[in-house]
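Enquirer: From TrEMBL, here are the annotated features:
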type: SIGNAL; residues: 1-22; note: signal peptide
type: DOMAIN; residues: 10-211; note: domain 'GH16'
type: ACT_SITE; residues: 97; note: active site, nucleophile
type: ACT_SITE; residues: 101; note: active site, proton donor
type: CARBOHYD; residues: 105; note: N-linked glycosylation site
């Protein structure tokens, strides 16, 4: 692999169905820390949190655009105080980041899923929702789709959040920094459950999150490549056409739009866009989103 080239993982095709490149954990990822807290059992990876440490893993490569998916079975029973995260992030103080954070809760209470988007090092775009199933009872897929028009968070292929490119309104959009894919489990009982009021009960440790179905279908870029080279290599042009640049991928379908409206109406419990205490004037991207939602 040359230092100035990007390698496309997947298939060149104009067909939008079945373009999923699956791989085993060790082909795409490596442990990040506390290696002894990760174990594999066949195709399943287990990450353990105890009073000594949490743990995590990261992709071996960095990517520009595409789709990443993992199937997760979250911590069962009393998971209060714990956070399990699956996210994409670039490096540096002006990094971009797309987060799934699963906030544990006491037995019988629903898991809260928090999503966030950082652009040029600035986050504060939290949304929270309660899922329509118990994510600790079975594996469910969690995906991040990223192209030059939008970032879409999906749960079992149902969109739960869209962050649209609004550069025409002067709002920066993450499209020029290759991103790694990460996951981790850690103790965050200072904030994770009911604002930190419910603490981690270590008598229930270890807390275990299980993973399988690791999929990355995107444009891999070596860290040494320049920004312009990455952007050029990972964008469609006359010679190549990437599936994520197809018009059908530039916005949600009508069916997906209806799914997102359903999720927001029935399962969203917090949206930074409507938090007037934090934002007396709604952020510009929120004004755009509310307009679109109203007219869907």
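Positions of Cβ are set from backbone N, Cα and C atoms, glycine also.
Caution: TrEMBL annotation is automatic and unverified by curators.
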Enquirer: Might you list, by sequence position, any residue in that chain lying six or more from residue 97 (active site, nucleophile) with a Cβ less than 8 Å away from its Cβ?
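Expert: Within the chain, residue 97 (active site, nucleophile) has Cβ neighbours under 8 Å at 87, 88, 89, 90, 116, 117, 118, 123, 179.
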Enquirer: Give me the long-range Cβ neighbours of residue 101 (active site, proton donor): same chain, 6+ apart, Cβ under 8 Å, in sequence order.
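Expert: Result: 83, 84, 85, 87, 113, 114, 115, 116.
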Enquirer: Along the domain 'GH16' (10-211), what average pLDDT does this model show?
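Expert: On average, pLDDT over the domain 'GH16' (10-211) sits at 90.
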Enquirer: Which residues in the same chain, at least 6 apart in sequence, have a Cβ under 8 Å from the Cβ of residue 105 (N-linked glycosylation site)?
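Expert: Non-local contacts for residue 105 (N-linked glycosylation site): 79, 80, 111, 112, 193, 198.
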